[in-house]
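Student: Grabbed the feature section from TrEMBL, which reads as follows:
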DOMAIN    B:23-147  domain 'Nicotinate phosphoribosyltransferase N-terminal'
DOMAIN    B:188-421  domain 'Nicotinate/nicotinamide phosphoribosyltransferase'
MOD_RES   B:240  phosphohistidine
């Protein structure tokens, strides 16, 4: 029995929007936005998309008009009444009223700002320039749109049966991963896969798989919309953009050296508990920890991102011990290019030595590796990063030189200020 | 957008019928029925269900009322106008009008005869007694109903997400098998999986997977309804019931010894070409071939069923050579408990030495092994066999003593008449 109304409705869509809600973004964007709202309302920041997978020529795969339609649709979105109610009424990290009424009022009037799109050498040059408070909101939807448009371009050539088999295989793969994770005693794992997801519906399915398969070991999703709809925790803390902007705004080398700690000083005025997670790798973890003021070691935990996870975790444990802290009361969050084998290795390595959790991203929500010829659905490494703040260039060094960004002269200056030694590059997977 | 009408319609079903068409049966049933229609209209034959998987207590799993509802629903079916048109107009095995108008007229008035159902020791005793021409039609729907009711009993305890993952895994498994088969040059394979299928919709999906994945290597399905709907070949030839009934009706040992060849003599009056496939194992392949009249070796091929397939194929090649036939012009059909590894082994063993094809059954349409706790969805070995004809007991010996059936004294007599030596049992998988 074909429902003619449904069929006609489906066929009259002008576009199939990828981002349908302002809450289809990562929770830490809201946390950071509130901090920016309070302290940096006049700061202008430019974000720029960078596709590190140069051989994937996105502008050849995805029509510019289709990309513009999706970006324009995202710009048309406003916070809905129900979404606003959820932000006001929901408990986040065990706390009510995480967001101040004046911030939510501002958010209710918010729309994504203008974008600047050009094509060069088969790649999209996509930039967002404007008040930091506004441009920061583009990162996640812009990446999700690019990734899903690329998936759709590949899926467009497939027949109905082929698609069914594709998703059956993908579901089987995720479910087998979840079953392996289930075997890890005391596991704590969250979905961090919004930006690089295969598609929105797929991320939503992956979250359901985690809910069904992991029970309490699943600690939540970074995606606010999915957290709201599936009634699970919204999770996340803060990102490199905070120290990058603070650093870019510094007027002297001394201010630059102090900038990453100023971020934490501001953050702990706004948040507490499990939201006090240091992200130490923006300009090199080792120096960051060594030079950190004493109050920093009282924070709840550390996110280990661009460094080899075993090395990064061991470094955190050593540091806590040196600072007189008990690592078993501290929390490490691992979040870089994780898949099940790495999670198992990290889990058994650190079991009992500290508290830790995983933020599982791309290889949860976009592991279609090998499911299309020539790896056409394999995830790509694409990021949206701060390139300047109030006209000054932004720099990221990270623990992996392959992830360094910024003008060469500034990179050298930062290396000097943050006493960064030469390190070996690690391949950037996703 | 929920379509309320569809939803209400779905929820007002009294039962969800398993068999919805008289054509939801194996093609060889129609071929055999036409032969019975012409020669054995007065013969009465009793069929009986035998569950060889004793540890699966079907009567504990499946409600008797549910079984009766399904059997009664099957009895309510009549050949539809479109089905009759297809039988009259379709080309089978390259031939038009395979079925005589008088046989189709009879079939248009046919309904499944009464059944006799009792429960003993956790098992259903299900018998069909009446004219052979009628009772023969119960074999496939009765088995399909029992198998699907058992699947449904297990599925009833699963949630929506669990079911989705279950079918994703099953699809992935079938698709991976199909991909492996695709690598076999010159493969010829058909679906023989109606009777032991997980369910009707699942068999239909498996056939689509074969169509999509194998192209010309897929030679068709034994299921008439699916062949009609998917517009592929309906395939099959004949089964053990023919020699079993002919043998039971024999009035002397001499007639008994001649009975299996009389089956072929009658059959070749009705059919030709690729329908001339000897099924030699009913009372032991070796004796059957050695004692066969000279005209038997001119038949197109041999079905290797209960014997080890390599051994059975080699025996066929030797026999053709002894009879002055060129094995490369002959056809062997392998059909017993096949899965991909066995198919590959047989394929590479016989490649270039004779023509051969595969009738893939249970492990195509019901391979849910390991997908439910305690193997609750693993296929079971259940058959529907002739137990008597005109009141005389029927006997089957086969090449595998584990499959022998009939009263002990009769079995001994048959062994003597067919000069059957003691042989080792092979485990009956499915």
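Every residue gets a Cβ built from N, Cα and C, even glycine.
TrEMBL labels come from automatic prediction, so no person has curated them.
Model, not experiment: these values are computed from the prediction.
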Student: Can you give me the same-chain residues 6 or more apart in sequence from residue B:240 (phosphohistidine) with a CB-CB distance under 8 Å?
Tutor: B:279, B:282, B:385, B:386, B:396, B:398
Student: Would you identify the secondary structure of the residue listed as 'phosphohistidine' according to DSSP, in three states?
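Tutor: DSSP assigns the residue listed as 'phosphohistidine' to coil.
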Student: Mind looking up the mean pLDDT for the domain 'Nicotinate/nicotinamide phosphoribosyltransferase' (B:188-421) in the predicted model?
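Tutor: A mean pLDDT of 96 is what the predicted model shows over the domain 'Nicotinate/nicotinamide phosphoribosyltransferase' (B:188-421).
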Student: Using DSSP, how many residues in the domain 'Nicotinate phosphoribosyltransferase N-terminal' (B:23-147) fall into helix, strand and coil?
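Tutor: Looking at the domain 'Nicotinate phosphoribosyltransferase N-terminal' (B:23-147) with DSSP, the answer is 62 helix, 25 strand, 38 coil.
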